[in-house]
């Protein structure tokens, strides 16, 4: 098998000569006879065969038992991503659902006023199957090279593109998708907790005795407490809660919206722009919102790293089985939210998405308990998503510590890292309270991780035959994804400038 450029010199790779095909005979096959007539006789033990056959069978059993002859870095047993190898298809489904479905889904109806019904549905469908294909690529590339498991997205990027180029290409978007998402979750979770309090308390608590920053602090404190769970497998229960709550609030948001009378002035006419350039950039920004709804690819390799793997039972089988279930459920949430939300509110959809629309248009004709329940589900989902998106950052902190000290983190050091990271994210959320309003721009900047890089990785690692279907497909999707990334980023910048968004640092809403 061809190896990626630069990977052959890495110390983790083990060069083991392949067993000759002639030595591996099917079970039950007769042993060839030798010239002296003594061949073909089996031992009294019933088919044990010649000593050479027994050696080959024993070697084959050993290979099937220990897996891909991977020389494991001992420090992997100290790190939260690879500390536990007891994952399975159920855990993969829980983690993939929690990572792939979140508050971004509630912003999807914002893309339809600029695209219209037809192009909105077409764009969402293409993006869904595109990212599902690139996710399959990542699952297959996890163990594409014998003797090596790529347990982290950056590791695979370095193996495919070279150590330095891979680091530059993958480091920023994966850091944002982990740390930036955690910061956005504090913003959304804290503001939703405040909304939940206002709905439950009603006019008796107006104005709110607790400021928005204090709600951010409450949310962060709860997230830091939950972050003390040691490794990725240990948060499988939280991922199940996060996925289940996301399904429930997505379903409740569109069901409550379509079951109520629509606003009298609702309109579905595509937004008209003054010039072609304005129309183009507006369309690119809305496509960026669609791309922003698909997330979780930066965690796929980490999730698969929690599974045991052997020749007979490779990790990609349960991983893909769980991922397929998760993304079927994700599709059953994203499409109704996008279509139902646009049908209910049309061009009147507020910038905050479905949750803001529910509160703005139906706070008086929807039972207060249902609105409060929807908000509570969003908070629980944000708390759960914070854990899985923060795990790669915890892993990086501990990898640096163990690399310097050559010993595992003590419980106090591990806890200290997580407390520091949680309150650093709180500081960033207070300093940049407008971060969640940059969906189009951020969707463009991080798009290559989901839509482009996996295609280029497949070409560099698997090396498909030139001008074959696979070669054309991956080059085409990779280049198209890169072009879309640049275009969506420009569209996001244009939207910020044209809407006159004011970046108020350290001034979160009251």
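Just so it is clear, glycine is given a Cβ too, placed from its N, Cα and C backbone atoms.
As the structure is a computational prediction, the values presented were derived from the model and not from experiment.
TrEMBL annotations:
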REGION    1-53  region 'Disordered'
COMPBIAS  24-34  compositional bias 'Low complexity'
COMPBIAS  35-50  compositional bias 'Gly residues'
DOMAIN    86-496  domain 'Amino acid transporter transmembrane'
TRANSMEM  91-111  transmembrane segment
TRANSMEM  117-139  transmembrane segment
TRANSMEM  165-188  transmembrane segment
TRANSMEM  208-226  transmembrane segment
TRANSMEM  238-256  transmembrane segment
TRANSMEM  276-294  transmembrane segment
TRANSMEM  325-345  transmembrane segment
TRANSMEM  370-394  transmembrane segment
TRANSMEM  415-435  transmembrane segment
TRANSMEM  441-459  transmembrane segment
TRANSMEM  471-497  transmembrane segment
Same-chain residue ranges lying at least 6 outside the transmembrane segment (91-111) that approach it to Cβ under 8 Å: 120, 123-124, 184-185, 188, 232-233, 236, 238-240, 242-243, 246-247, 250, 253, 286-287, 289-290, 292-296, 299-300, 303-304, 306-307, 318-319, 321-323, 325-327, 329-330, 333-334, 337-338, 341-342, 345, 349, 351, 353-355, 357, 378, 381-382, 384-385, 388-389, 439
Whether the transmembrane segment (165-188) meets the transmembrane segment (276-294): three or more C-beta pairs under 8 angstroms: no
Long-range Cβ neighbours of the transmembrane segment (276-294) (under 8 Å; 6 or more residues past either end): 100, 104-105, 107-108, 110-115, 123-124, 127-128, 131, 334, 439-444, 446-447, 450-451, 484, 487-492, 494-495, 498
Top partner of the transmembrane segment (370-394) among 208-226, 238-256, 441-459, 471-497 - counted as Cβ pairs under 8 Å: 238-256
Any contact, the transmembrane segment (325-345) to the transmembrane segment (208-226), with at least 3 Cβ pairs under 8 A: no
Chain residues in Cβ proximity to the transmembrane segment (208-226) (below 8 Å; excluding those fewer than six residues from its ends, i.e. six or more beyond): 185-187, 189-191, 193-194, 197-198, 238, 379, 382-384, 386-387, 418-419, 422-423, 425-426, 429-430, 508-510
